[in-house]
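Let me begin by presenting the structure, written as structure tokens, before commenting on it.
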Amino acid sequence: MSSAQIEIQLIASLVAIACAIPGTFLVLRKMAMISDAISHSILPGIVVGFFITQDLNSPLLILLAALTGIITVVLVEYIQKTGLVKEDTAIGLVFPILFSIGVIMIAKNANDVHLDVDAVLLGELAFAPFDRLIVSGIDVGPKSLWIIGSILIITIGLLFAFFKELKISTFDAGLAASLGFSPAVIHYGLMSVSSITTVGAFDAVGAILVVALMISPAATAYLLTNNLKRMLIYAICFGVFSAISGYWLAHWLDASISGSITTMLGLLFLAVYLFAPNKGVIAVMYREKQQRTEVSLLTFLLHLKNHTEERERHVNHLNEHINWQKVRSKTVLDLALKNNMIKFDKNIVSLTEKGEDFTSQAIDYIITNEDAQIEDMKDDFFLFRG
Amino acid sequence: MSKQIAVKVDDLTVAYNYKPVLWDIDLEIPEGVLMAIVGPNGAGKSTLIKSILGILKPIAGSVSIYDKPYEKQRQLVAYVPQKGSVDWDFPTTALDVVMMGTYGSLGWIKRPGQKQKKAALEALEKVGMLPFKGRQISQLSGGQQQRIFLARALVQNASIYFMDEPFQGVDATTEIAIINILKELRKAGKTVIVVHHDLQTVPEYFDWVTFLNVKKIATGPVKDIFNDDNLTKTYGINYKVSIQE
Ligand SMILES: Nc1ncnc2c1ncn2[C@@H]1O[C@H](COP(=O)(O)OP(=O)(O)OP(=O)(O)O)[C@@H](O)[C@H]1O
Ligand SMILES: [Mg+2]
């Protein structure tokens, strides 16, 4: 690997981490679309900043552009507050207008501005290593690496300091407000971080990839865990994994790096969506099938418990009586046998002691919903896992 | 009466988008009562609580808690929001939600530690939810979620408790468990204010009541003012509730 290749992967990974952190909270706040809005509406901010500084990597430009991001959020909220339109409509009204203003500004000054819309939307990670930061004659690395690195450090610092505040105001804004943690302060704090990250990252990876890196890893992580800290860590890992594997995919296909990273994000989401152990589509289907069998098992055991007369418990009779197809009956009988819940005596089926216990316990649970007593059964039976 | 006033509301008017939903409310809640706020859907019950707790900003009027503005008295007040106001799919556990009750006393930046965890476990125990401490909150039943909210308020160890429909969607057993805890709080000298919908149980559960429908209709001891006249004024239709002694 050449040093340029390493630098590109490093930049992409840092961008992924810096995006995953605010992205997790945006997803949990159901504000994914706001990141899309911010990523587009910063364009006029970037253009104005560029007129003033003539340098796409200037901190002043980043702050000016981030300010446009905040203005977007304020405008969206203002329009929404009138009660005339819903939030998604308000977003759809605001950001195309701001974006268009940026486009017109670029077009009007095309001659003296070295800036084009494509670059803003798609970025060009491959060129990032060429724009170096030179401090008193010494090359200290690509400028975008320094920019995104600084933003990342600030983001992580804020996350550690305000994790509890972010959590409570995201989960229950009312309680947060009543305890004195102003949800508005946290909301605008999060919006500012999202805006600054978007601006800091767009030059390297483009506005569209920024949105993908904020939302997709968080959405993927959400399918895998019920713990906020773990969700953050997973989101960061997925972001970095997609960044690096996407880079190599682009290398191999000779295609756009941003596009390849976004593709990897999509594939990763698809894989988790299908195969996640609890919320994944396949796991849910398996669980439902298993639960169906277990309900049948319970029905069968209950039948045995309720009927002492041998006639009712003869193997042949069971088929027609409980009215199942052959296959189903066999699955259920096998399951009961495997768990030592029934025994055969000359084709007469009866409950074992374990079967008796299990049946009464299960019925108890179904009636009372008292969870505590069946905790130990959860490992073996889906029925009890809610 | 020589009792201290725990909560005082003066000329409170609150609006959403410039449309007032509470008009000129005056209210004094004496210390140590177990008070029901009753009124039809959309009467502004939740809005009243949110305004008292500084969650909403009123367009006129003021609120005081033991003679001081709410901002100075946060530590004295605990809040149970309406259950539907939060996202139960949020990635967190029952214990973690209860711990949130301790955040107020911690203030900004400081993290909860062992002491807070112990308090949360005790509160879970009190509402009978200890076996569920590690359960993801979406996997709790409606009544269990309500108990978690109650535990979160208990952990705040406040003097005044505001609860928005704590009996919403709970079965008889849970309802009795909750009301017993509320009565215990009153016995300990706390003031408990509950938005309540089941008019039949008002005389049995509460000793104080406020009728609300955009305006305050009446407030006072249940035995004096919980009558058909006030119910009719509040609900607009001719209401008949038999009051047992
Ligand atoms: N965020 C909001 N924006 C606009 N209007 C609102 C908002 N919240 C409540 N309202 C309106 O304010 C009025 C009072 O609402 P509030 O929630 O206080 O009623 P409530 O008495 O608690 O009703 P419920 O018994 O249904 O909980 C209603 O007309 C409602 O439509
Ligand atoms: Mg309400």
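Glycine is no exception: its Cβ is also placed from the backbone N, Cα and C atoms.
Note that TrEMBL annotation is computational and uncurated.
Model, not experiment: these values are computed from the prediction.
Annotation source TrEMBL lists transmembrane segment at A:6-28, A:37-54, A:60-78, A:90-107, A:145-163, A:175-198, A:204-224, A:231-250, A:256-276.
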Tertiary contacts of the transmembrane segment (A:231-250) (same chain, 6+ residues out, Cβ under 8 Å): 5, 8-9, 12-13, 15-17, 19-21, 23-24, 125, 159, 213, 216-218, 220-222, 224-225, 256-257, 259-265, 268
Recorded stretch that, among A:6-28, A:90-107, A:145-163, A:204-224, A:256-276, has the most CB pairs under 8 Å to the transmembrane segment (A:60-78): A:90-107
Interface-richest range of A:175-198, A:204-224, A:256-276 toward the transmembrane segment (A:145-163), CB pairs under 8 Å: A:175-198
Positions on the same chain near the transmembrane segment (A:256-276), where near means CB under 8 A and six or more residues out: 8, 12, 122-126, 205-206, 208-209, 212-213, 216-217, 219-220, 223-224, 238-239, 241-243, 245-247, 249-250, 282-283
